[in-house]
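These features come from TrEMBL:
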DISULFID  C15-C30  disulfide bond
DISULFID  C25-C42  disulfide bond
DISULFID  C54-C80  disulfide bond
DISULFID  C64-C79  disulfide bond
DISULFID  C74-C91  disulfide bond
DOMAIN    1-46  domain 'P-type'
DOMAIN    52-95  domain 'P-type'
Amino acid sequence: ARCQCKLSAKERKNCGYPGISEAQCKKAGCCFNSSVRGVPWCFSPKAKKVRKICPADPHARRNCGFSGITAKECERKGCCFKARPVGVPWCFYHREVEE
């Protein structure tokens with residue numbers, strides 16, 4: 001994403017090699033900006049910001065526990081817990097969404 005390439009010159013971490021073209025740099029998943037001399041023009045993007053959410057659709061749940069797991073045991077594993085509806089996992093993994 002474009003916002004991942006908005007870094008100050010001193011934050012840039014080299015992601016290419018001398019003479020790399022903009023196309024080659026971007027093909028490698030890196031950012032390219034040649035407007036500042038003396039710093040890498042091909043550089044690593046910022047990490048994506050993600051947050052964990054518990055899926056709202058009960059049928060999208062991926063089991064994270066075992067039959068009879070308590071809410072406390074489930075949450076200790078870092079998972080979501082919701083004791084309904086019947087027939088789907090009550091202890092289930094988070095989904096990661098980009099911000």
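In case you wondered, yes, glycine gets a Cβ from its N, Cα and C as well.
Taking the domain 'P-type' (52-95) as a whole, pLDDT averages 94 in the prediction. In sequence order, C79 are the disulfide-bonded residues from C15, C64, C79 with a C-alpha within 10 Å of the C-alpha of C54 (disulfide bond). Checked against C80 (disulfide bond) by C-alpha proximity, the disulfide-bonded residues C30, C42, C74 yield C74 as the nearest. Each residue contributes its Cα atom, and for C74 (disulfide bond) and C42 (disulfide bond) those atoms are 44 Å apart. Listed in sequence order, N63, C64, G65, F66, I69, E73, C74, K77, C79, C80, F81 are the same-chain residues six or more apart from C91 (disulfide bond) with CB atoms under 8 A from its CB. With the fewest other C-beta atoms within 10 Å around its C-beta, C54 stands out among the disulfide-bonded residues C54, C64, C80. Taking the Cα atom of each, C15 (disulfide bond) and C42 (disulfide bond) are about 5 angstrom apart. Less than 8 angstroms from the CB of C30 (disulfide bond) sit C15, G16, C42, F43, S44, P45, each of them six or more residues away in the same chain. Annotation for C25 (disulfide bond): spatial neighbours C15, G16, C31, F32, W41, C42, criterion Cβ-Cβ under 8 Å with sequence separation of six or more.
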